[in-house]
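I have placed the structure first, in the form of structure tokens, so that the comments after it can refer back to it.
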């Protein structure tokens, strides 16, 4: 593709394989693990490890379903394109807009977390101030070009990977060398009331919050339109997700919960930072706080990228205003970045009005949108595969356990919604789902009416 052709309608293919790999990783290691895991530990105890394994398996199935579609048709807008093409125009419209809203909400949650991490050092700084500062900085960087985004995300993710691996190694050394003190023992995983101290119910009730940690893995699909070689980079990035889950989620939590009894974890501080702080290692606690701050900024950076590309894809499909389907001479969709930023700025207001409850509220809304998102990926994939089979096409990167895997994912989503209805503070976000679907329906009818009026003239 020539440079001159990219101005107006085409995104620039500026992401290398290493960028794709690390963007997937950036989506997987964020606030869900570093901050969200605190409330899960309080309810499920060491059983959180099993919870992450179950949710990780579901996330991997979803990733493979999306991966199969993206390898066959690498386009901007990712799965909303597949919902549109293989399911119907309303499905494409609804899934695209839901995905955009999902990542606006994730962006808000990450900015809120940034404020909490800054308060570890400066408790007097309100969360909304930190959110506002980083909001401006990250959006300004994303207005440059996709290579700058790719490089920034690459280094953000490198920092996270090195830090988590170092934390596992250092934690393991403290554990087995005796330098972690008398309380550091693998027996902490079952001694403090058992592996599941509140029974299996305690774990089940936390599955919605655990699911929050995995939102972002599907970013790989969004990068497809700007990947140099999607046929190779997408399968590679997708398959490596399972190892990341094992190492970064399960490995780090197993070490962490062995170093100190899970009962010492508090809900409003990163357990990663807290445990090393409690062990008296201030240097490591400060270093880890830098890492969790980097993690939140990394995911927010990915959100800015993702939101703008999804909105760009919607505009190309005719599901968003045409002005959003343009890029500047560098191949950057400036209009969609600015529109997404404008809505995300509400986060600053939410943190100003309700600093204590902002993160919990945003997390609940994210999970509801994520349930819709993952369910639509699974359903769109079933229709995609059926269409390909009828055409006699053998796909290059088939999903696992089709169609059983799809039904397992859909049942899991339904179970998460039921759990949320039973969880104080989360039920409201489930009640908002029908309202949101009605809003989408009205938006779709308005779009169709406008399109017909334009054709008539």
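Every residue number used here counts from 1 along the chain in the order it is shown.
Placement of Cβ uses the backbone N, Cα and C atoms for every residue, glycine included.
Marked as topological domain 'Cytoplasmic' by Swiss-Prot on the basis of sequence analysis: 1-19 (among others). Mean pLDDT of the predicted structure over the topological domain 'Cytoplasmic' (1-19): 49.
The topological domain 'Cytoplasmic' annotation in Swiss-Prot covers 64-86 (among others) and rests on sequence analysis. Listed as Cβ neighbours of the topological domain 'Cytoplasmic' (64-86) (distance under 8 Å, sequence separation of 6 or more from its ends, same chain) are residues 11, 92-96, 99, 218, 220-222, 224-225, 227, 230-231, 234-235, 238, 309-310, 312-314, 316-317, 319, 376-381, 383-385, 387-388, 393, 395-400, 402, 405-406, 409.
Residues or ranges marked as topological domain 'Periplasmic' in Swiss-Prot: 108-117 (among others). The DSSP breakdown of the topological domain 'Periplasmic' (108-117) into helical (H, G, I), extended (E, B) and coil residues amounts to 10 helix, 0 strand, 0 coil.
Annotation comment: Swiss-Prot describes 139-155 (among others) as topological domain 'Cytoplasmic', evidence class sequence analysis.
Sequence annotations record features per position, and here Swiss-Prot assigns topological domain 'Periplasmic' to 177-201 (among others).
What Swiss-Prot records for 223-240 (among others) is topological domain 'Cytoplasmic'.
Taken from Swiss-Prot, the feature topological domain 'Periplasmic' applies to 262-271 (among others).
Sequence annotations record features per position, and here Swiss-Prot assigns topological domain 'Cytoplasmic' to 293-333 (among others) based on sequence analysis.
Look at Swiss-Prot and you will find 355-358 (among others) tagged as topological domain 'Periplasmic'. A Cβ distance under 8 Å defines the sequence-distant neighbours of the topological domain 'Periplasmic' (355-358), meaning residues of its chain 6+ beyond its ends; these are 112, 115, 126-128, 347.
Mapped onto DSSP helix, strand and coil, the topological domain 'Cytoplasmic' (380-399) counts 11 helix, 0 strand, 9 coil. The topological domain 'Cytoplasmic' feature in Swiss-Prot is assigned to 380-399 (among others).
For 421-425 (among others), the entry in Swiss-Prot reads topological domain 'Periplasmic'.
Among the features that Swiss-Prot reports, topological domain 'Cytoplasmic' is placed at 447-457 (among others). Using a Cβ-Cβ cut-off under 8 Å and counting only residues 6 or more beyond its ends in the same chain, the topological domain 'Cytoplasmic' (447-457) has close neighbours at 93, 318-319.
According to Swiss-Prot, the transmembrane segment annotation covers 20-40 (among others), on the basis of sequence analysis.
For the transmembrane segment (43-63), same-chain residues at least 6 beyond its ends with a Cβ under 8 Å from one of its own Cβ atoms are 37, 188-190, 192-198, 200, 202-203, 205-207, 210-211, 213-214, 217-218, 220, 238, 241-242, 245-246, 249-250, 253-254, 257, 262, 374, 377-378, 399-401, 405-406, 408-409, 412. Residues or ranges marked as transmembrane segment in Swiss-Prot: 43-63 (among others).
Under the heading transmembrane segment, Swiss-Prot lists 87-107 (among others), citing sequence analysis as support.
Away from its own ends, the transmembrane segment (118-138) comes close to residues 111-112, 269-270, 273, 286, 289, 293, 297, 300-301, 304, 341, 344-345, 347-349, 351-352, 355, 358 of its chain (Cβ-Cβ under 8 Å, at least six residues beyond either end). The transmembrane segment feature in Swiss-Prot is assigned to 118-138 (among others).
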Positions on the same chain near the topological domain 'Periplasmic' (421-425), where near means CB under 8 A and six or more residues out: 205, 208, 360-361, 364
Beyond the flanks of the transmembrane segment (156-176) by 6 or more, those residues with Cβ under 8 Å of it: 22-23, 25-26, 29, 184-186, 247-248, 251-252, 255-256, 258-259, 272, 279, 284, 287-288, 291, 294-295, 297-298, 301
Long-range Cβ neighbours of the topological domain 'Periplasmic' (108-117) (under 8 Å; 6 or more residues past either end): 30-31, 34-35, 125-131, 134-135, 268, 270, 289, 292-293, 296-297, 299-300, 303, 344, 346-348, 350-351, 355, 358-359, 362-363, 366
Residue counts (helix, strand, coil, in that order) that DSSP gives for the topological domain 'Periplasmic' (421-425): 1 helix, 0 strand, 4 coil
